[in-house]
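Report on the structure given below.
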Protein chains: 2
Amino acid sequence: MNQTTAKLMDGTAVAARLYEQTAIRAAELRETTGVEACLATVLVGDDPSSATYVRMKQNRCRKAGIASRSIVLPASTTTAELVQAIRELSDDPAVHGILVQHPVPAHIDERAAFEAIDPAKDVDGVTMHSFAAMAFGLPGFQSCTPGGIIRLLDEYDVNLAGQHAVVLGRSPILGKPVGMLLLERNATVTYCHSRTKGLPELVAQADVLVAAVGKPDFVQGEWLKPGAVVVDAGYHEGGRGDVDQEAAARVASLLTPVPGGVGPMTIALLLAQTVDAAVALSGPGVRHAAEDTRVQ
Amino acid sequence: MNQTTAKLMDGTAVAARLYEQTAIRAAELRETTGVEACLATVLVGDDPSSATYVRMKQNRCRKAGIASRSIVLPASTTTAELVQAIRELSDDPAVHGILVQHPVPAHIDERAAFEAIDPAKDVDGVTMHSFAAMAFGLPGFQSCTPGGIIRLLDEYDVNLAGQHAVVLGRSPILGKPVGMLLLERNATVTYCHSRTKGLPELVAQADVLVAAVGKPDFVQGEWLKPGAVVVDAGYHEGGRGDVDQEAAARVASLLTPVPGGVGPMTIALLLAQTVDAAVALSGPGVRHAAEDTRVQ
């Protein structure tokens, strides 16, 4: 058993540098074109943690010099009403990015809501267009958690080519896109999920593991290959992740802590992509962040 | 070594039944609505094998009572001209399905051409919309070879849930979508490709192998898990596949032959989806083939 303590991937620090760069780009855009990058958030219903997430995103926008517009709709909103509200934002030239806070109430067709977002404003990377762009290596916005994970791996010089990456989870905004982004980086990619048989043996093959199962402490330390790179995309009460962090720290070479690993990267990428959208929608003259593969 | 001879999956026979069913549905549509299902084929340049493929598809249409329209453009066609021609077909109410014969000449942006296809007429399943629909389990058209593979596996009662499916290849119209369709069927899915390390060991784990690498006899019999289901999506001169067929037949439980396995299913699904599109675009009254998970 390898007793070395894993190096922790400091998402808070990497996100802070990305925020800084984003604020500079937002200011450059304002100075050169007069355009103020603007993120519209759409919140349906009164789930307190969703409201908190939206507030966090708006606060971060303010600090980065990005305008935000807040749309709050009652829990009784219909799919058609929500789609209409999002379409208006898609058509509004003063809005550059649109975030629909997940989850929406159960009676709403979330996919219909997502597809009402103009792909040019899909800074949260939730549309079918954005997913296919990620899968095919085409220009477009990345889903924020998957894109944040890739940036974090880049920051820690993880060379993905030829590595076996195992993704636990297959949601449309996390598991599926992160697997496609890893495949685009030439990793061999295995998707595991609730129906997978022999999960510990598959996890044991992972040079890079991305855990996105939504179950606290699900991944056991003894499942891991010694020296693996472990990305824990979970967040549960009491600061637990999807991985048994204490055990993983004794086996992995690199590990994202919870909190302070993947989480901070998600909002940081949302804001970076909002400025990307504003730049793209406001004409040339400001460098596009997507041209860089890593945070400067 | 298991000396049992693999059962061959007879794509020709399964495709014949699908053609029959498609012809009946095309006739029903014509009788109930007066609408003649119509596939438009777009061929750019003078590659003889591409011309042959297009002719095969048109012949099959005629036999199934599906109208076809043929657009042939010179090799010097620009992307803008091709996009314009495809947009006209997308806007033409008499056309229900559009097939752009792959590959187009190297100077053309094939993705731009594909994206000019209205997703409602993307019966070859090549648009970004269709890919995301396959990945997310949403209504839409399947890429024809991947969709044909799944239908063939269904016909031979292969239960994919919990099985480890290994896909060799990651092209946008074969490897990537077939992996997503297998994942939707609850298989554990591993994508391998030219940069994968330790390929034989990964192939050895496959309960279901899909070979789509484009190299004759690439997959060796000794790599295979005894009893594996082997789908060979390759076709090379002299009737070779991507798998060493003779060796695989001694190890696999089920095997698609070359020719006569995957190949025939591709055009059969193209035609079935053309009638699906015609039905959907012509209003209700005729049953949609996608409602069935298997050929009757």
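Note: Cβ is positioned from N, Cα and C throughout, glycine not excepted.
Look at A:Ser171 (NADP(+) binding site): DSSP puts it in coil. Listed in sequence order, A:Ala212 are the same-chain residues at least 6 apart in sequence whose CB falls under 8 Å from the CB of A:Ser171 (NADP(+) binding site). Sequence annotations record features per position, and here TrEMBL assigns NADP(+) binding site to A:Gly169, A:Arg170, A:Ser171.
Here TrEMBL flags A:9-124 as domain 'Tetrahydrofolate dehydrogenase/cyclohydrolase catalytic'.
TrEMBL lists A:143-278 with the feature domain 'Tetrahydrofolate dehydrogenase/cyclohydrolase NAD(P)-binding'. Helix first, then strand, then coil: DSSP counts for the domain 'Tetrahydrofolate dehydrogenase/cyclohydrolase NAD(P)-binding' (A:143-278) stand at 54 helix, 24 strand, 58 coil.
Cβ atoms within 8 Å of the centroid of the Cβ atoms of A:Gly169, A:Arg170, A:Ser171 (the NADP(+) site) belong to the same-chain residues A:Val167, A:Leu168, A:Pro172, A:Leu174, A:Gly175, A:Lys176, A:Tyr191, A:His193, A:Ala212, A:Val213, site residues excluded. With every protein chain in view, the residue among the binding-site residues A:Gly169, A:Arg170 whose Cβ has the most Cβ partners within 10 Å turns out to be A:Arg170.
Secondary structure counts, DSSP: the domain 'Tetrahydrofolate dehydrogenase/cyclohydrolase catalytic' (A:9-124) has 62 helix, 18 strand, 36 coil.
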